[in-house]
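S.K.: Can you keep this structure in mind? I'll have questions shortly.
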Amino acid sequence: MRKLNAKYQKLITLIARLTVGGVLLVAGALKAFVPAEAASAVAAYKILPVKIAHIFGYGLPWLEIAIGLLLIAGLSIRLAGVVAGTVMVLFIGAIISVWARGILIDCGCFGGGGAIDPSKAAQVHRTYALEIARDAGLALLTLYLYFFPYGFLSFEKSAEPTKEN
Amino acid sequence: MTKQTKATKSADNTTRWLVIGMVALVVITGVIFSLISSNTKANESFTALKGYSLGEPVSATVDPAQGSGLVVNPGAPVKIDLWEDPQCPICRVFEEANGAYIDDLVRTKKATVVYHVLSFLGDESVRAANAAMCAADEGHYLDFHKAMYIVQPALENSGFFTGPNLIKIGDYIGIKSASFKDCVTKGSKAQLVQAQENAMSKYKVTGTPTVFINDKLWVRKSSSFDLAEFRLAVEAG
């Protein structure tokens, strides 16, 4: 396992960076220019007071874009990865929270958002599970990036030769 | 697990703070851009009311026996009960499709319409509902109700339905009396607004818009609100 990791680490790191960075960049870009929609999507979780939720909804897409770009370019990977991972954990928490409270919403992850008809409850619950799985997967990738931030096509380079890993 | 170390250790801290600074800058710029764009949108919405011609006054009475709803034209052959929240976006869709038709039924006295202005979407709904009831005192509930949905912001509780803005709506459409302004500022209709809200459970209304035609719940069949469908339902009674 360790050997295998040593052999492919640079590639795995690149894939992890592009996956997490790409998802964040796309998610952020889809929301950044429809601020009203993004703001009400956050408010629909009914976790934060409405005013604070709106501000959060305005800022979150831009944070996603910034972190996404850093990861794709390979700058401050460890820091960007930690922020991305934290954001993913928060998303998971938020979805579990709405699920537990029986609220039916579109997560608004890639734009959209808001309440969903109760008749679609089963479908929404399945979507929640998939979203949690997706975010958990992305969080694991950021964890990998914490330990192995330096790989192919990156502005930042490692001090050690690759073989030492 | 051994962590990888970075090539240029000395520049690490500077870079880190630079990156944090840049990210913060991007986020703050984004928030400011979003705030400004939604503010401009709110102000732009008032221009939609320019040139609004105020309709003839219509008298309306509050009936405690009908969930404290605002009753217009009692005794007409058809009765329509409308349960709406001023901030509810789907109510706006309903109004866009059927509002003119309902107004016409009211003005030509073909139907009794009972307006239940709900306020479960928050403080701003309470204020807007209060203003709507103030407008009813002036005989202009219909106009104010229509105007409210024309300017309705996309965001609930975004800080748009404030006292001054509600008075501004009145100004734009031609409800300029001091009594209206006073009523909006003081929230004089608070009890009535509360009473209408409280009637929800009695009539088993759980969402908006809810429509009863001759006390029978109307359930739409098309995916969105369709005037032809609604008209048919009203005509069938």
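In case you wondered, yes, glycine gets a Cβ from its N, Cα and C as well.
Take a look at what TrEMBL says about it:
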- A:11-147: domain 'Methylamine utilisation protein MauE' (DOMAIN)
- A:12-32: transmembrane segment (TRANSMEM)
- A:52-72: transmembrane segment (TRANSMEM)
- A:79-100: transmembrane segment (TRANSMEM)
- A:136-155: transmembrane segment (TRANSMEM)
S.K.: Which listed stretch (A:12-32, A:52-72, A:136-155) has the most C-beta pairs under 8 A with the transmembrane segment (A:79-100)?
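M.R.: Comparing A:12-32, A:52-72, A:136-155: A:136-155 has the most Cβ pairs near the transmembrane segment (A:79-100).
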S.K.: So which residues does the transmembrane segment (A:12-32) touch in its own chain, when a touch means Cβ under 8 Å and the partner is 6 or more beyond its ends?
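M.R.: Those are 5, 38, 41, 60-72, 74, 77, 81, 84, 87, 108-111, 138, 141-142, 144-145, 148-154, in sequence order.
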S.K.: Could you pull the average pLDDT for the domain 'Methylamine utilisation protein MauE' (A:11-147)?
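M.R.: It averages 92.
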